[in-house]
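Per Swiss-Prot, the feature ATP binding site maps to GLY105, GLU106, SER107, GLY108, SER109, GLY110, LYS111, SER112; the stated evidence is sequence analysis. Sequence annotations record features per position, and here Swiss-Prot assigns N-linked glycosylation site to ASN245, ASN290, ASN427, ASN481, ASN558, ASN1033, ASN1058, ASN1186, ASN1453, ASN1559, ASN1767 based on sequence analysis. Positions annotated as compositional bias 'Polar residues' by Swiss-Prot: 620-630. As annotated by Swiss-Prot, region 'Actin-binding' applies to 656-680.
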Amino acid sequence: MASTLPPLGGGNGGPHTQHSLPSLPAHLQSDTHITGHLASRFHVSHPTAKLSSHALVCLNTYTSSSKGPDGGKPGSAMAGAEDMADRAWIRLGHRSENQAVVFLGESGSGKSTIRSHLLTALLDKSSTPLSNKLSLAAYVFDSLTTTKTATTPTASKSGLFYELQYDTSATTNPILIGGKLLDHRLERSRIADVPTGERNFHVLYYLLAGTSQAEKTHLGLDDGASGSRRWKYLGHPTQLKVGINDSEGFQLFKTALKKLEFPRSDIAEICQILAAILHIGQLEFESTNNTSATGDDSGGFSHEGGQTSTTVRNKDVLGIIAAFLGVSMADLQSTLGYKTKMIQKERVTVMLDPAGARAHANELARTLYSLLVAWILESVNQRICAPEEDIANTISIVDFPGFAQQTATGSTLDQLLNNAATEAIYNFTLYNFFDRKAEMLESEEVSVAPTSYFDNSDAVKGLLKPGNGLLSILDDQTRRNKTDMQFLESLRKRFEGKNPAIEVGSATAKLPGSNFYTENAAASFTVRHFAGEVEYPVKGLIEENGEVVSVDLLNMFNSTKSEFVGRLFGQDVLQTVNHPIEKSTVMQATISSKPMRAPSVMSRKGGRGRGIASQRRQQESNLFDSGNTHAESRSPKGGNKGGIDQGASGQFLSSLDNVQKAVTDPGTNAYFVFCLKPNDRRIANQFDSKCVRTQVQTFGIAEISQRLRSADFSLFLPFGEFLGMADAETILVGSERERAEMVIEEKRWPSNEVQIGSTGVFLSERCWMEIAGLVDGSAAQGRFALPSSDGYGNDGATPGERDAFGASKEQLLSGGNTPLMYGEKGKPGYFGSDDARSEAGASAIGGGDMFKNFDTREQMAERGNEKNLEEIEEFKDSPSRKRWVFTVYFLTWFIPDFLIRWIGRMPRKDVRMAWREKLAINMLIWFMCLVAAFFIVVFPMLICPKQNVFSAAELSSHNGKDGNSAYVSIRGHVIDLGSFADRHYPSFVSRKTMLNYAGMDVSSLFPVQVSALCQGTDGSVDQTVTLDYKNTNMTGSPALINSQDLNAQYHDFRYFTNDTRPDWYLEQLIMLKGNYGKGTIGYSPEYIAKLGAKRQVIASIGSRVYDLTTYTVGGRRLRTKPGESLPSDPKLADFMDRKVVELFQNQAGGDITKFWNSLALAPDVKARMQTCLDHLFYVGDVDTRNSTRCKFAEYLVLAVSILLVSVIAFKFFAALQFGGKNVPENLDKFVMCQIPAYTEDEDSLRRAIDSAARMRYDDKRKLLVIICDGMIIGQGNDRPTPRIVLDILGVSETVDPEPLSFESLGEGLKQHNMGKVYSGLYEVQGHIVPFLVIVKVGKPSEVARPGNRGKRDSQMILMRFLNRVHYNLAMSPLELEMYHQIRNIIGVNPTFYEFMLQIDADTVVAPDSATRMVSAFLDDTRLIAVCGETALTNAKSSFITMIQVYEYYISHNLSKAFESLFGSVTCLPGCFSMYRIRAAETGKPLFVSREVVDSYATIRVDTLHMKNLLHLGEDRYLTTLLLKYHSKYKTKYLFSAHAWTIAPDSWKVFLSQRRRWINSTVHNLIELIPMAQLCGFCCFSMRFVVFIDLLSTVVQPVTIAYIVYLIVLVATKTTVVPITAFILLGAIYGLQAIIFILRRKWEMVGWMILYVMAVPVFSFGLPLYAFWHMDDFNWGTTRVVAGEKGKKVVISDEGKFDPSSIPRKKWEEYQAELWETQTSRDDSRSEISGISYGTKAQAVVSEYGFPSRPDSTTGFAAHALPYDSRNNSRMSLAHSDMGHHRMSQFGGSQFFNPDDMVGLPSDDALLAEIRDILKTADLMTVTKKGIKQELERRFDVPLDAKRAYINSGK
């Protein structure tokens, strides 16, 4: 029948000219020979071959893909792609079939390049503006999803299904009407994890390289010189310069978006998001202590300085990101610092460490990029996609990333899904060649010789089978929250021994050196893919498959101020699950791994008759879920109940199924392109036979070629159609079949290309084209030229456009230098040359700055920081507040508000007001400090100014011997001889000679010329007058040297000498006083009087002393030069006025100032006399240092010291409380022990809980109440704190009570909180203690730190509960459940509890502490609260803790003991204090009284004072309230009760803790001082204590200044007084030492030394730091603004709280309802509906029931349950018979339901059996446990419920 025509593509030029592989002879059809044939073609520049008409085999030449053997296009890969496009086009037009082109090949084989050539060729067929857009859309897709890898510069990292949509109904020339881009599974992991030597997605590099300088500045990309900043998300800096023209790429990217009709603003927003992603990579995190106090602070002593939190180090980068994303910096930082997860239906917040925060930031970057890509592609599709009903046919291009032997980015999931897709595509390829026509051939009775081939069905079924394939199992296990190991076990069950392609590894392994199996950390499964075996580790696979987007991020972006970011997060691609009750609350979200649209091939199955819009919507949704068992909600807000329906694998599977269905659709004709790499090293023109042979083998090209040799059928034509085409009307005889046979005989086609069936003819494509008259591509192109209309009503495309796309086939962008896979430049197929020319230069938009009309970054940031606020309450300021505000403004008026706003960066008015208040308080404190300093230092100096005088004894002590300085006096002036000696001229007088005069009066060495120094009575004195200088030579006067001293002659320049220099003396004296003066000689008033009595003419005027003795007793003489005669007038020597001389003589020895002032002398005479006195008779100054005034000043300093020490002495005596530590007898009072827990670790919590449980106090009368503040996983913990607590207490994870509402302390809606209640018995070291655990879980809408409201709120839960119990008020659901648990489960009426012990979760209490405290309460009924001594457990962990040890010791044993004397300890530490709940005699509530509870529950904390009270020192404030409202009661310190806590060990936390303490001290003491009733006898009262405390706190810095001042005094003066002061200060520590010596605390000696070294820190540094940081708070979002008529309005972004949203009932009403319900129902165990706040009811009494019971606690209340719970008169376990019976033995370890007793043996039967057992048992070895086990064996039932009876031995 068939002849032997020349085969397809034959030729005569040697073997390499044969381009069709099936046409090779049979002996050349092996892998090796085909590889050889490809090699021979490759070497002559023929890089392609064909598999008949079905497939193209392309070898990557790594040079140009458009050059053939002759340098032209023919023979090139490009020509091959165009040929395929021509044939697809012809079939599309002539047969109206859908066409699909499927690409296969490894990464680096050139798929993307061939794909672009093919797309270009197809779009060239209809050169319209739309084809331009479709080309640009492909470029945008590639920019976003391709990257450079180790194997290729353009590796696609997302599966592409690109659909070109045509209308073929009107003509054989199809009209292009649209396109659709479907991306499958972008490799998101690459964003934050760029493999070494590879790049991230190209668009990120484009952005960095292509933006102008102005744009870079706006985007924050311009740091430093170019290239100096290393971008974490861009890999190694070398990747920025790898020969890809990124700058040009960016211009093209923008151009493409612009031509795709993206608004300019959207393009700019896209760039901002990309920049934000780059910046997210730059964030650096550090672990810090958040020292700003907030209302929801929680935790114990060690946390008080601030919670450990993770913050961003580079805030500038954070600011840029926050601005672009439209959120506030604070929100962004805190959101990155924690992560909310779902753990077993519980929402838990994990406090992240820096590494965790970095991972969270990476997740943000991945989420943003994924959403951005999804949004851009969906926007592109909206612009290019035609309505489904208009589409007649499509051409689809399918190109998925190549097979991956190992993962580059570390994502196993990406690798698995990628390989599953290549497996599916390869399977379809095999199906197409081997099985697709098999059924039809069979039905047409055509037999074809079978061909063997490698079938990958096992792998495909194993991976992709819906329901129980590997991906489906992975999805199912993810949905059911299974672990990786459970997933592995599921795979084992499914595949072991059932599927040869999948091998499951072991879940356990033996570690080296161990004999035991442990969990295998490297557990994996292996899949035998068609391209090789791949081992996939399971670790982290389930979590990765969940791909859950952090709810925290969603929550943050809900309030974004950026409209664009809002659009990104509002897409359908982001699938959310909403809370079943609170619909607005998102519980979980994922980004879909499948495209948001489906292939049109499938969409059209719905029919064409309906309306366009509705039909399309219906089709989209039907299709979207095609192959998907769970219908997926596409509404972003809608969501479903049970969690996300599909994980990544399920979604990918579903989308892959859509692709397969589209390609295998009967109406679709598929072509294949096999891309091969000639070598692995990317070397041009090198052919590695081994490398190529492996690929030929992998893809089964030889088998396919053999198959085509026997059956190359592409079409089936019924006889009629075939004959019509063949123009066979001329053949008139025979049936249709016979006529067809005749035509075929005539055509002489080979038998493998044509076969006749029973109803028609099977043809190859070549034969069809021949018979249809479409012999080659050129004919096709020539024959089917475009018609005049382009289908859009235009007159066809302009010639220019058509030419452009004609030109665009090869090298489009002459300026480009982007190497593609084939080593060519440019972007093939995307841009016309016109586009390139017009817009490749400067930035396409906005003349170099696309952000020209945008908000600046600062404006964006400001917008992001704004909150949406609403009014929540109104109030008026109190008069005292108004007075204080006036004072503040009075003190700070000089600082204008705008300065605080701009320089202090405080936009909020309330924050600025707090700053003013802080400044005012600091000014007052500084003023008090200055007053104190003035009083200590300046005041004494004002009373007794400092005198530089030397007594005779002091002068003589400066004699230059024994290291003393050498001073001399000259006429009353003291000169430093030691300093002057070396400068004495002439130099022949030795220093030693000079120092002989030290300590003496050397006035005699300096004779004076009287006429030069005194002008006498009448204005002149005769030159011959001389005056001797004589000392009195008494013990009080300086020792005068002899006037005959030999050295005197050298200084004698008087008139009668040869060398007369009248002014020499005065000049020398001025020089010596100026340079070497030390002071003057001092004469005390007593000594002057003594001299006067001894006939000395000496007196003082003012402070100066004058001695006229020598003048009066003849010391005046007249002396002339030799040869001159003496003047005759003897009165020449009387140069002083007589009245002056007489005054001195008459008043000698006294102060004559008054007389001098009233002396009757002419003013000029008096002035001359004063000069004479000063120069000739002055001998020194009056020494007042021992006067009463100066003594007072000295002793004032001493008095202050004595005052300080007296207070300490008081404290010392207070501390000397000896007396034996008598251990009190057993007490029968009921005590609650409250432990608030926050983020402590398990060790701390266990220590605290165990120490409380092990206290030596009747276990039945203790109740541990542990309150967990929020569902939070602390740093370093592996579980949330509540779970740690419940695990310690032995509560099973299966116990899950209902969360119940209660009121909390919070802003706005945060006042509504929810909590869970657990109770049971805790067994530890022989103690069995009842416990109640309250877990604050928050409302479902709380995303961040759910339930967390702070330590004060935790205290309030119990305080408010007890308050409502004692006042019989209506309670919230949580409180009713607490009441029920305490009363009906634990069996004690809550009113019985008298005392509450509060300890912190990091505190350990001594075993006898509760007993000692309770006995103190019993001894003194006026005692309301008591605290014990707290020491440190971590004393030696750092220097910071070491300096605190002694301070803790003395603060308790001195300060608190001192305050305790007055019955007013002003600070009871929350870490270890006990309170009296109600008065012993009257039952009146004390600790939980209405006033205390209401004041402590203040929610509006908006002033500096309130914040310091309630946010800094809530413990101290609680004490303040007790003293304020119960002033007749006392608070005491009990030194015999001990606890140990953890102190801050880092400087920052220590600083913060002390800041809190100091400031809260100041503010609390200010609260206490105004209380009138606090004054007592002689002020020895509480107010005295408070005032002393406040004063000492405020002036602490001055005390240090005082000590420093004393040290300086001692150093400068050796007088006795400062030394006395030091002795006193030493006594302070001496007294302290006595205390610890008497207490035998010898180790305190060392700690004391450390403490003394740190005193400057404690007393000076810390207070000053604290006072200035008084306003360092986290101010929250609630703020106060001025309202009308003096009112203030509180506004908040938390929303307004409605108290009625929490239902409240009294216990009696609730119990009556409960009782009614229980009595009206059947005996069967039915559930109560309608009134239960709590868990399901199971027991007769308990409406809340036992699911909330742990499984390992005693039968504490087992027998009490049937008891009428209304009979509350005998509920005390101590005195009720029932209680006694129940408590007689703490056997048993469970709570039992009476219904559990059904089917158990009776007590009598048990007793009989026990007796029987004991008859034969060895009584020495028998145990209760053994007897119980034997009974269980005999009765064959578990007897846990009867354990108490068995153990009782009755």
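Backbone N, Cα and C atoms are what each Cβ position is placed from, and that goes for glycine too.
Overlay of Swiss-Prot annotations on the structure.
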residue : record                      : Cβ contacts under 8 Å, 6 or more apart
GLY105  : ATP binding site            : LYS111, GLY402, VAL673, PHE674, CYS675, LEU676, LYS677, GLN695
GLU106  : ATP binding site            : THR151, GLY402, PHE403, ALA531, CYS675, LYS677, GLN695
SER107  : ATP binding site            : THR149, THR151, THR152, ALA155, PRO401, GLY402, PHE403, ALA404
ASN1058 : N-linked glycosylation site : none
Summarise the model's confidence over the region 'Actin-binding' (656-680) as a mean pLDDT value. 91
In angstrom units, rounded to an integer, how far apart are the Cα atoms of SER109 (ATP binding site) and ASN427 (N-linked glycosylation site)? 20
Near SER109 (ATP binding site), how many other Cβ atoms are within 10 Å of its Cβ? 25
C-alpha spacing of GLY108 (ATP binding site) relative to ASN1559 (N-linked glycosylation site), in angstrom: 68
Cα-nearest neighbour of GLY110 (ATP binding site) within the listed glycosylation sites, ASN245, ASN427, ASN1186, ASN1453: ASN245
Specify the nearest of the recorded positions GLY108, SER112, ASN245, ASN427 to ASN1186 (N-linked glycosylation site), where nearness means the distance between Cα atoms. ASN245
Highest Cβ count within 10 Å among the glycosylation sites ASN427, ASN481, ASN1186: which residue is it? ASN427
Work out how many Å separate ASN1453 (N-linked glycosylation site) and GLY108 (ATP binding site) at their Cα atoms, rounded off. 79
Can you check which residue among the binding-site residues GLY108, GLY110 has the largest number of Cβ atoms within 10 Å of its own? GLY110
Can you count helix, strand and coil residues in the region 'Actin-binding' (656-680) using DSSP? 9 helix, 9 strand, 7 coil
Taking DSSP as the reference, which of helix, strand or coil describes GLY105 (ATP binding site)? strand
What whole-number Å value do you get for the CA-CA distance of ASN427 (N-linked glycosylation site) and SER112 (ATP binding site)? 21
Cβ atoms other than its own within 10 Å of the Cβ of ASN1559 (N-linked glycosylation site), all chains, total 27
Where ASN427 (N-linked glycosylation site) falls in three-state DSSP terms: helix
Mapped DSSP class for GLY110 (ATP binding site), helix or strand or coil: coil
Most isolated by CB count within 10 A, of the recorded positions SER112, ASN245, ASN558, ASN1453, is ASN558
Can you tell me the CA-to-CA distance separating SER112 (ATP binding site) and ASN481 (N-linked glycosylation site), as a whole number of Å? 39
Can you tell me the CA-to-CA distance separating ASN481 (N-linked glycosylation site) and ASN558 (N-linked glycosylation site), as a whole number of Å? 27
May I ask for the distance between ASN245 (N-linked glycosylation site) and GLY108 (ATP binding site), taken between their Cα atoms and rounded to an integer number of Å? 19
ASN1058 (N-linked glycosylation site) in three-state DSSP notation: coil
Distance [Cα-Cα, Å, rounded] between ASN558 (N-linked glycosylation site) and GLY108 (ATP binding site): 42
